[in-house]
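*Asks:* Structure in structure tokens, see below.
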Amino acid sequence: MRTAMSRCGAVLLTAVLLCATLPGIAASSPEEFHNYLEKYRTPEMDIELDSHVQLWYNASTFNRSGEWVEVSFAGVAHPHRMDIVALFAPADAYERGSAPVKYEFADQSPEYLGTGSGRLRFRLVNLRQDMRFVMVRHPYTRPVVFAKGPELWNADPNELTGIHLMPGHRPVDMLVQWTSKNGTLPFVRFGYRPDKLIFSIPATTETYTRAQLCGAPANAEGWIDPGQLHTAVLSGLTPETRYYYAVGTGLGTRLERLSEVHSFLSHPGVGPDLSVSVLAVADQGVGEPDGARAAMEYQPALRVARSMEADFQRGHPGLDGAKPRGYRMVLHNGDISYARGYGALWDTFLFQQRELMTRVPVVTSIANHERDWPGQAFYFTSADSGGECGVPYYARFPMPRPNLAPDQAFYSFDFGPAHVAVMSTEHDYTPGSDQHLWLSGDLAAVDRSRTPWLILMGHRPMYIDANDFDYPGGKQTTAIEMRTALEVLLRLHRVDLVLTGHHHSYQRTCAVHLNRCVRPHAQEHRSTHGTVHVTFGHGGADLTANGFDRTPRWIKFEDFSTHGHVRLHMNGSHLHLQAIESEQGAVFDEVMLSTSTSQDDNIADNYDDYDLVEMAPALRGGQTVWVEDGAADQTVTVDSATLLPQDAMQDPLARFSAQESALKTSHRVERPLLRDSA
């Protein structure tokens with residue numbers, strides 16, 4: 001299903017001009033924001049307290065994350081629909097140019113506009129300091145604090161929060177991380193029974209400072225002290241064994257404290273005789289259960305988190321129909337919290353995900369809203385990270401990278417019958433780059449008799465039904481460049497599945513190569529010549545419906561209106577992918593791949609008249625395309641560039657054969673196949 005929106009026309013595709021500069025193509029919105037706090041005019045905030053207004057709570061202290069507080073207010077002489085109740089941390093942050101943690105409009109209390117009185121309930125997350133609620137007028141123009149409540153005292157700033165599991169460098173390792181305000185001597189206690197945690201492992205402690213961040217709001221109004229981040233490595237674990245654990249601080253002292261006990265199943269091992277299931281999500285963010293404004297657009301993220309928890313609790317029958325089994329890992333393809341420089345959202349996100357992330361390891365890939373900042377990222381020049389430039393991400397998700405360079409984000413691991421390579425689409429992936437060399441070597445080293453399934457995971461998609469041709473960073477522009485750089489590797493090493501996000505929709509391709517579906521087989525057969533690409537950026541962020549007027553034929557299923565997540569079930573012979581909607585937990589798309597292949601699995605020969613467009617030799621500089629468009633060939637000049645001769649259009653199979661031997665690619669982009677959308 002498509003949502004009616006302005007879409008780009010599809011006669012001319014070019015990856016070097018803004019969409020709005022081309023005939024028949026609508027401009028994208030000039031203003032984009034992902035967070036309500038971006039609209040709050042913190043630099044203009046003033047304080048003019050009204051002594052007639054009262055603001056009070058039903059509690060004077062809070063003890064732990066997840067508690068609720070009721071905020072009451074009265075005596076507002078001229079209530080306005082733009083008046084807000086805002087939470088600040090620390091309690092005096094509103095006096096020091098900080099943005100609120102979150103806020104709600106006072107008129108969400110129904111009687112407010114008529115009486116100047118009301119009450120609202122807020123869910124709290126422990127940010128390791130005291131807090132305060134204030135009332136503010138004109139938050140989006142010139143904020144004025146006109147009432148303040150008392151300090152809300154934090155009874156336990158050293159609460160052990162943000163507990164989450166991550167894979168280690170070896171299958172027998174598991175990482176555990178958590179946060180405290182200033183706890184010392186951190187450790188993990190674990191064992192085989194919840195009442196007998198017989199092993200203790202010390203943890204290391206890291207943090208990051210305001211000075212390490214790249215810009216505002218991260219190092220300015222959005223800054224909040226992240227506390228101490230403690231990480232322990234549980235090593236030498238027996239495969240397929242349930243372990244119970246608790247994290248703590250003050251090891252061996254009178255101040256020793258422990259969290260509640262959690263448990264996990266250790267790594268299942270590696271091999272084609274194993275069966276595993278994982279959950280996957282991307283572009284999620286934070287949903288506030290109290291409805292307060294913090295992370296814009298992302299209320300569905302909370303429903304997706306609960307849907308994933310329900311999946312985890314139910315288990316599944318597995319591919320062999322056996323008794324219910326558990327999901328063993330969560331893959332998160334980036335745009336994780338959408339904090340974008342407002343640090344409290346990292347704490348809120350980890351609290352939102354706690355039921356899963358304390359029980360199964362999470363694997364993450366860095367994305368634009370974690371890393372991108374002018375001068376910091378590849379060639380993407382946006383400020384999408386809000387000044388974070390990857391620092392909070394790396395601190396909270398120390399994935400098993402091959403080295404611990406400060407800004408190195410690619411790695412791989414084996415899990416059951418699969419080898420998973422995790423790339424960064426925000427770092428240089430072009431031929432000759434460190435990442436390209438690593439990926440080429442990593443894929444080449446895979447033993448398919450040991451891990452028959454080969455999966456590539458990253459944030460930005462290589463194949464996507466999207467009409468965004470902005471440069472740099474447009475979704476279609478980047479897809480073209482990624483195929484140019486990487487598609488030969490996918491074909492050469494027979495990558496089965498590419499998992500991505502970034503576009504806020506769900507889309508699945510056929511087994512595709514060079515913009516073509518390979519010769520079709522029964523759906524359950526995988527292809528040795530094509531790769532299935534699945535984009536599941538529907539994890540909570542506001543959905544996007546900017547597909548082409550008519551859907552490319554390599555798209556086998558797409559949905560622009562449903563939030564949810566993905567399940568993957570794998571054994572040595574089959575891979576079953578299911579897309580799950582978050583409202584009812586129903587399957588709305590699925591595909592089964594098999595390790596069986598066909599001898600005639602070749603690129604399909606039914607080329608359409610208008611399907612391939614040859615870009616100018618330098619994609620980032622060329623602005624002319626040659627289009628094979630139905631009955632007549634045509635050349636189109638854009639911005640006085642040099643025309644490409646028609647004979648530049650070589651036979652794609654012959655060209656690819658030469659490319660494969662040399663590990664080089666040419667600049668090739670699909671012209672969308674014009675098919676009426678439903």
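Any Cβ shown, glycine's included, is placed from N, Cα and C.
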*Asks:* When you get a sec, could you say which of 299-318, 419-438, 459-478, 659-678 is annotated region 'Disordered' by TrEMBL?
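*Replies:* The listed stretch tagged region 'Disordered' in TrEMBL is 659-678.
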*Asks:* Sort the residues of the domain 'Purple acid phosphatase N-terminal' (162-264) into helix, strand and coil with DSSP and give the three counts.
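*Replies:* Counting residues by DSSP class gives 3 helix, 47 strand, 53 coil.
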*Asks:* Could you give me the DSSP helix, strand and coil counts for the domain 'Purple acid phosphatase C-terminal' (530-590)?
*Replies:* 0 helix, 31 strand, 30 coil
